[in-house]
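Colleague: The structure's right below; bear with me while I get my questions together.
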């Protein structure tokens, strides 16, 4: 700002060099100074530069705002992604928790089911043990009873031995265990036992290839006993879930019973070495015992079988058929039945003569021995003789018994035979011992195979049970999933139905509201129309009433105006008469001297024209009168009150022809103004008296004289005072009153405001 001219020139000279050096950079400070020095020294920076700087600043700020917005958007997207991730994790966690709960619930149900099953099995085992104990007790009782019966039968059998020869031919041979346990008394019996064992060995190897149709003759005889065994209470109380080949607790008890009974049999056999009954007697007694025992097996706890029969209840082909018919199992619990090794059927050999002779000799020798040793025998030999028929009866049932029970019983029988062989030293030879050993080995091998088969079947059964449990669990899981899906679909369907119902309800409410609004609007329109009609009717009635009232008022006003006009005319007439009377005495002489010629326009047919509208027909030519008559100064006040009075009492417009009245009143006003503006010159009394008497009444009724009124001056003044009220000016004495003063008083009295207001009220 303090630069000199040289400095300014130097600055102006240096500006182009700086601009050339920096390439016309408008954003630098030096170029800005050169540009400003070029134009003016007082402005340091042009407005254009400020605009550029502002635009750069705006761009920078806009860029910063964009960057901040992008950062905010990126942060928001990151938050949204994190939220979605958390929601997904939460959802997965909820799903896992739900699956875990379902799995735990399924496990609990499985455990509960297994516990219930185990409890049921335990209860069944306890029930079986209880029933077995009851059966053992009942067996003991029945054995005691049978022993008593057989004791009585033994005496009768000894008296007639020959009658049973025919029956002995049809009796089957003894089984292997029974034949081995009975020591032969002589070589004949030993050979018979050897033959029977050989036959058993042959049959055991050949029965694998036997057809199913080939049944031994004994099967018919044993059908009744088999049916009775199949309906035994022990079999009826078994669980349907147990298969025929499973090892149940009953089999363990059967083994114990077999060992117990084998010991009893061994004791009996040891005591029988001295002498035993013949084979025919045993078969006969066995048949009798079989019939008795089979007859007592109808009810669950009737005559129970001996322990040998209980141990032989297993799944043979014949019994499986009977039980399948008797106890049909459900498809769920049916399991593959185990078909054991075929039963050894013993075909009875045809009796020959040699065997018959041997039997007869054997009977004789037995009788002799019985007679010798009859005294020495005690209760024990009797029990042995009673148990022999029981053993024979059991032998008949062993033909159709299960292989497993037969093997176990044969093993125990082998042990008993071995002990019996030891007790009866020298009763068996080496061949028979070898056969017995071979039979034992074969039975051990079969037992091992049976155990292996049972183990495999047990494993297979366990595997099947596991698969069944898995399948059930999978079905349960699928069922639960299906139920959940159906429940979810049902909830969605219910929700959708509820939404549809709500929507329909809202639409119905909206429609009802719209209908209500329409009805309301229509009702309001109707009410409004009715109100408008009522208002219109009332308005028309009011207008009619107003018109009637206005008409009535107009008529009344017309009547009043007519009355007022008549009164005014009468007053005017009286005033004129009064004025005439007051002037008459003084101006009678002057009037006689001067006979002024006043042109009075007569109004013909005044009587015809004065009807309801009288004031409109009055014509007062005051102006013409004033122009024609040269009045003096004294005469002007006398005529002025007449004009003022006529002007002040002009009628109100209305139905009484207001145009005519206005015209007349205007003419009167003009005349009044002209009268007031005239230069009144003083006149003499003669001239005043010579002014003709003028009044509207005299114009209307020219033939009427003032004296016809019949009223005096006093009465006229009294009437004026009554009408106009008391004067507003001080009353002057008659002594000091001149003619001029009288006229003045009259003018002031009639022009007072009280009079005009009174007159206006009438109008």
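The backbone N, Cα and C atoms fix where each Cβ goes, and this holds for glycine too.
Copied straight from Swiss-Prot:
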- 1-11: compositional bias 'Gly residues' (COMPBIAS)
- 1-72: region 'Disordered' (REGION)
- 12-31: compositional bias 'Low complexity' (COMPBIAS)
- 53-72: compositional bias 'Basic and acidic residues' (COMPBIAS)
- 102-127: region 'Disordered' (REGION)
- 140-531: region 'Disordered' (REGION)
- 184-212: compositional bias 'Polar residues' (COMPBIAS)
- 241-251: compositional bias 'Polar residues' (COMPBIAS)
- 312-321: compositional bias 'Low complexity' (COMPBIAS)
- 354-372: compositional bias 'Basic and acidic residues' (COMPBIAS)
- 381-420: compositional bias 'Basic and acidic residues' (COMPBIAS)
- 434-575: coiled coil (COILED)
- 437-531: compositional bias 'Basic and acidic residues' (COMPBIAS)
Colleague: Provide the three-state DSSP residue tally for the compositional bias 'Basic and acidic residues' (437-531): helix first, then strand, then coil.
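Modeller: Looking at the compositional bias 'Basic and acidic residues' (437-531) with DSSP, the answer is 95 helix, 0 strand, 0 coil.
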Colleague: Please average pLDDT over the coiled coil (434-575) for the predicted structure.
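Modeller: Averaged over the coiled coil (434-575), the predicted model reaches a pLDDT of 89.
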Colleague: What are the DSSP helix/strand/coil residue counts across the compositional bias 'Basic and acidic residues' (53-72)?
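Modeller: Computed counts for the compositional bias 'Basic and acidic residues' (53-72) are 20 helix, 0 strand, 0 coil.
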